[in-house]
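A.B. asks: One structure, pasted below without further comment.
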Amino acid sequence: MPHLPQKILIATKNLGKVNEIRDLIQDLPIEFLSLAEFPDAPDVVEDGETFEENALKKARTLALATGLVTLADDSGLCVEALNGRPGVLSARYSGEGSSDEEKCLRILEEMSEIPDSERYARFVCVLALADPGGEEYVFRGVCEGRIIRELKGTKGFGYDPIFLYEEEGLTFAEMDRQSKNLVSHRGLALRKFGVFLEQRARP
């Protein structure tokens, strides 16, 4: 992929994620497409043991199916005291169809006996870019924090209400979107992706 692609498929039907990328890369002449525009695209089972495996599998599969350069992501929460859980199971840790609150409460229940000094955790986001010809690139973002003992804040999603970003003294669910995006795992990975595209855009 020596040159800047004209179109990139974002492997999600979540328009918020697509718009987030469009906002970040708005200075480059790239058309970002949503998976919602490809109703016949195959569903990809995320059965990898790492975030990288899941993101690459999704990007490869959809790049081959659509003939487009494809960006896919996998992300989750890794808690040290839980041996890295929920990890790649973050989205379905409390069972399929469970609410964000139920996921958070399960983590808090499992950590009820863990002292404050041992509640370290990190959010991880891996973006994988693949083209139909087989070229692949990976961009990783990590944000360190701690798990608090109750849900705080109403913004964000997922495990944001129990993840304390210590430099701000706030959970991700208490931070406004702009502040969170500056430090979040996803924001860091997206900025690495943006730098990669800018380098490809240079003559």
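Using N, Cα and C of the backbone, Cβ positions are placed for all residues, glycine too.
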A.B. asks: Which one of Ser75, Ser94, Ser98 goes with Thr12, Lys13, Asn14, Leu15, Gly16, Lys17, Phe157, Gly158, Tyr159, Asp160, Lys180, His185, Arg186 at the substrate site, as TrEMBL has it?
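C.D. replies: Site partner of Thr12, Lys13, Asn14, Leu15, Gly16, Lys17, Phe157, Gly158, Tyr159, Asp160, Lys180, His185, Arg186 for substrate, according to TrEMBL: Ser75.
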A.B. asks: Can you tell me how far the Cα of His185 (substrate binding site) sits from the Cα of Asp74 (active site, proton acceptor), in Å?
C.D. replies: 11
A.B. asks: In terms of DSSP three-state secondary structure, what is the assignment for Ser75 (substrate binding site)?
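C.D. replies: Note: Ser75 (substrate binding site) is in a strand by DSSP.
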A.B. asks: Sequence gap of 6 or more, C-beta under 8 Å: which same-chain residues meet both conditions with respect to Asp74 (active site, proton acceptor)?
C.D. replies: Glu46, Gly48, Phe51, Glu52, Asn54, Ala55, Lys58, Val88, Cys125, Val126, Ala128
A.B. asks: Taking 10 A as the limit, how many CB atoms besides its own sit near the CB of Asp160 (substrate binding site)?
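C.D. replies: Step by step: centre on the Cβ of Asp160 (substrate binding site), count other Cβ atoms within 10 Å, giving 24.
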A.B. asks: Across the record's substrate-binding residues Thr12, Lys13, Asn14, Leu15, Gly16, Lys17, Ser75, Phe157, Gly158, Tyr159, Asp160, Lys180, His185, Arg186, the largest CA-CA distance in angstrom?
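C.D. replies: Looking at Thr12, Lys13, Asn14, Leu15, Gly16, Lys17, Ser75, Phe157, Gly158, Tyr159, Asp160, Lys180, His185, Arg186 as a set, their Cα atoms extend up to 22 Å apart.
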